Amino acid sequence: MTDLSTLFHAAILGVVEGLTEFLPVSSTGHMIIVGHMLGFTGDKAETFEVIIQLGSILAVVVVFWRRLFGLIGIHFGEVPHEGKTNGKLKLSHIILAMLPAVTLGLMFHDVIKSLFNPQSVMYALVIGGVLLITAEILKPKTPKAEGLDDITYRQAFMIGCFQCLALWPGFSRSGATISGGMLMGVNRYTASEFSFILAVPMMMGASGLDLYKSLHFLSASDIPMFAVGFVTAFVVALVAIKTFLALIKRISFIPFAIYRFIVAAAVYWVFM
C-alpha cells in the first residue's frame, strides 16, 4: 500500500516536471535536485520520471491537437491565436527536424546515458543559458517566419540540428530548439510553438522506449504513485504551456537564462 508521504512526493515531482519540461530551464536539472532532496533516486525513480513525462506530453497534445492533426492533412477549422492556416507545415517538416537527434541518439546512446550526473548537468545548464542569450542578441531583426506555416524545410532541419544539443542532459530540449529557431529567423513565439509540437513524437518515442526497458520495475502497488505524478504533471504542464506562450510575447529569454545559471549554482551547492 502506498503511504501519503509517497503520494505527496509524487505530486511534488509531478509539479516540477510539469513546470519545467517545456520551459527552456531543463527539467532534468530540477528533477535531479528535487529527487535528491526527497531521497527519491534509483531505478524506480527513473521509471517514475518516464511516466510523468508522458503526462506532460499529453498536455502538449491537448493544447496543439488541431495542429497535430493538421500535420497529416486533417483540419478542424481555425487554430486558436493563428486563425485559418494554409496547411504548409506538414509531418515531413517534423520528421526532418527529428532526424539529426534520433540518429545521434541511437549512435551514442551509452555515451549520453553516462552524462546523467550532476556535474555534467551543471555545465549543460550554464552553456544552455549562454545559448539563450546568444539567440536573443543575434536573432534577425526581421524574422523570416512569423507563423508555423512560414517555416521552411531548411529551418526545420536546422532546428533539428540544434535539438541534438539537448541529448546532453540538462541542456533543455525546448531551450535548444527555440534558440535554434530564433537564430534561423523564426520569431520567438513561433519557434516555441514548433518546439512544443516537435516534442510530441520525440518525447513519446524516447519515453516509450525507456518505459519498455523499465517494465520489470513496475508493480501494482506503485499505480497510485504513478497516477498522482502523471495527473499532476499533466495539469501543471497544461497551465505552464499556456502561460509560457502568453508570456513570451512580452518578454525575452534573458530571465530564463539567468534562472538557469541560478539552478546550475544550486546543483553545484547540493552535489559538489
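Keep in mind that glycine also has a Cβ here, set from the backbone N, Cα and C atoms.
Noted in Swiss-Prot for the protein shown:
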type: TRANSMEM; residues: 22-42; note: transmembrane segment
type: TRANSMEM; residues: 45-65; note: transmembrane segment
type: TRANSMEM; residues: 92-112; note: transmembrane segment
type: TRANSMEM; residues: 118-138; note: transmembrane segment
type: TRANSMEM; residues: 189-209; note: transmembrane segment
type: TRANSMEM; residues: 228-248; note: transmembrane segment
type: TRANSMEM; residues: 251-271; note: transmembrane segment
Report the listed stretch (45-65, 92-112, 189-209, 228-248, 251-271) having the maximum count of Cβ pairs within less than 8 Å of the transmembrane segment (118-138). 251-271
Closest-packing stretch to the transmembrane segment (92-112), where packing means Cβ pairs under 8 Å, from 22-42, 45-65, 189-209, 228-248, 251-271: 189-209
Determine which recorded stretch among 189-209, 228-248, 251-271 has the most C-beta pairs below 8 angstroms with the transmembrane segment (45-65). 228-248
Give the nonlocal contacts of the transmembrane segment (228-248) in its own chain as ranges (CB under 8 Å, at least six residues past its ends). 7, 10-11, 13-15, 17-19, 21-23, 48, 51-56, 58-60, 62-63, 81, 188-189, 192-193, 196
